[in-house]
Amino acid sequence: MYQKLLEEYKSKLVTADEAAKQVKSGDWVEYGFGINCARDFDEALAKRKDELEDVKIRCDIGAYQHFTAEVDPDNKHFTWNSWHVAGHDRKFINKNLFYIPMKFHENPMMTRKDCVPTNVAVIQCTAMDKHGYFNFGGSSVNCCAMMETARVTILEVNEKMPRCLGGNQECLHISQVDYIIQSKNEPIATIGSAEPSPVEIAMAQHIIERLYDGNCIQLGIGGTPNAVGSMVAASDLKDLGVHTEMYVDAYLLMAKAGKITGARKSIDKYKQVYSFAMGSQELYDYIDDNPGLASYSVDYTNNPWVVAQIDDFVSINACIEVDLYGQVCAESVGTRHISGTGGQLDFVEGAYKSKNGQSFICLPSTIEIKGEVTSRIKPILTPGAIVTDPRTATHMMVTEFGIATLKGRSTWERAEELIKIAHPDFQDELVKEAQKMNIWRKSNKIG
């Protein structure tokens with residue numbers, strides 16, 4: 001059996017340059033998510049720049065050098081399109097890379113249903129196992145959906161990719177693959193853990209006071225989640241669960257401290273459930289072949305109705321600004337694109353529907369730009385800012401000054417709650433603006 005698989009493997013083995021010849025002018029090419037993004041293939045495709053026109057590339061958090069974007073800054077030959085802008089994507093956004101709006105849990109559905117069909121799909125993965133399966137490693141997000149719908153399927157094997165157990169839709173059989181590239185086995189991209197600032201530590205402290213034994217926690221990336229992870233690790237909390245889109249080093253801290261058991265989870269008991277991982281090499285070593293973790297496609301991890309089934313769910317995310325109505329922007333500064341909707345709205349909605357669920361969106365009360373300090377809590381969002389979470393979805397907002405609960409609150413109550421956690425230097429100004437907007441009563445208080 002294995003000998004037959006090896007023969008099939010050899011018959012499909014090609015160089016990156018040979019694989020890149022599958023791309024034709026006008027094609028749509030899609031790369032795997034994050035650390036699964038094609039690297040050797042993209043480098044080979046860049047060499048064909050002068051042979052090709054109007055090749056569109058879809059990616060999601062491209063973790064590696066974008067060779068095709070670098071050789072074609074005017075996007076005459078290659079145009080990048082990203083489901084979420086981060087990592088190397090940020091170098092090209094608003095130049096020759098464009099954003100694809102989405103709710104993250106709908107990504108596989110959009111791939112199967114509404115996207116212009118992919119002509120060539122390329123995913124970086126593990127080596128083939130004895131059963132003929134390639135594991136998607138650090139990301140199961142929409143890999144199966146990509147491969148199901150593509151005209152040509154290509155795997156780029158990297159022997160340094162962690163093998164991440166399922167779950168569901170975490171691997172692909174050789175029979176479903178057209179070509180295989182043996183990569184140069186470059187190190188998997190890592191991201192450092194941001195050291196939390198005093199403000200982020202203060203926000204984390206407010207959240208920690210709301211946690212209790214048995215909570216199931218979803219964390220985003222950044223200083224506040226890292227601070228929460230450190231505080232949980234040092235606390236007496238126990239039997240915590242994990243159900244998240246992104247598995248980050250903060251979870252590793254909690255796991256090493258023995259805080260995570262998943263014993264009280266309503267579903268996927270004892271399993272740490274995630275869709276993709278990005279972090280340190282130590283994190284990748286931890287998730288490698290670890291039966292305590294389960295990798296799923298994002299239409300499971302981020303489905304609000306799945307999240308809602310998990311009692312005592314806690315979602316912790318961050319944003320750029322919020323207005324007095326409770327509209328949250330987490331993806332742009334005015335019209336300048338920064339990141340994307342990602343899974344924030346998925347978890348905001350899912351966590352609230354969970355029994356005893358809590359959703360926290362964190363932001364420092366102020367920001368300093370070119371020497372000028374301004375409030376991140378604004379009367380209205382900056383013109384052009386994208387609404388990530390509508391006011392109807394926002395549950396709780398967190399700054400270093402406290403927590404504002406918005407669900408079930410009228411417009412004047414929301415204004416009062418938000419101004420209470422604004423920086424004191426801006427509270428009077430916000431009250432005046434709220435009065436102009438007719439969302440302030442004379443009896444409102446901010447003390």
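Don't overthink the numbers, they just go from 1 along the chain as shown.
Just so it is clear, glycine is given a Cβ too, placed from its N, Cα and C backbone atoms.
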Can you find which of GLY241, GLY292, GLY340, GLY343 Swiss-Prot lists as binding CoA at the same site as GLY220, ILE221, GLY222, GLY223, THR224, ILE320? GLY343
Looking only at GLY220, ILE221, GLY222, GLY223, THR224, ILE320, GLY343, which the record lists for CoA, tell me the maximum pairwise CA distance in angstrom. 18
Rounded Cα-Cα span from GLU245 (active site, 5-glutamyl coenzyme A thioester intermediate) to GLY343 (CoA binding site), Å: 7
As a whole number of Å, the Cα atom of THR224 (CoA binding site) is distant from the Cα atom of GLU245 (active site, 5-glutamyl coenzyme A thioester intermediate) by 17
Would you kindly give the Cα-Cα distance separating GLU245 (active site, 5-glutamyl coenzyme A thioester intermediate) and ILE320 (CoA binding site), rounded to the nearest Å? 20
List every residue in the same chain as GLY222 (CoA binding site), at least 6 positions away in sequence, whose Cβ is under 8 Å from its Cβ. ALA194, GLU200, ALA318
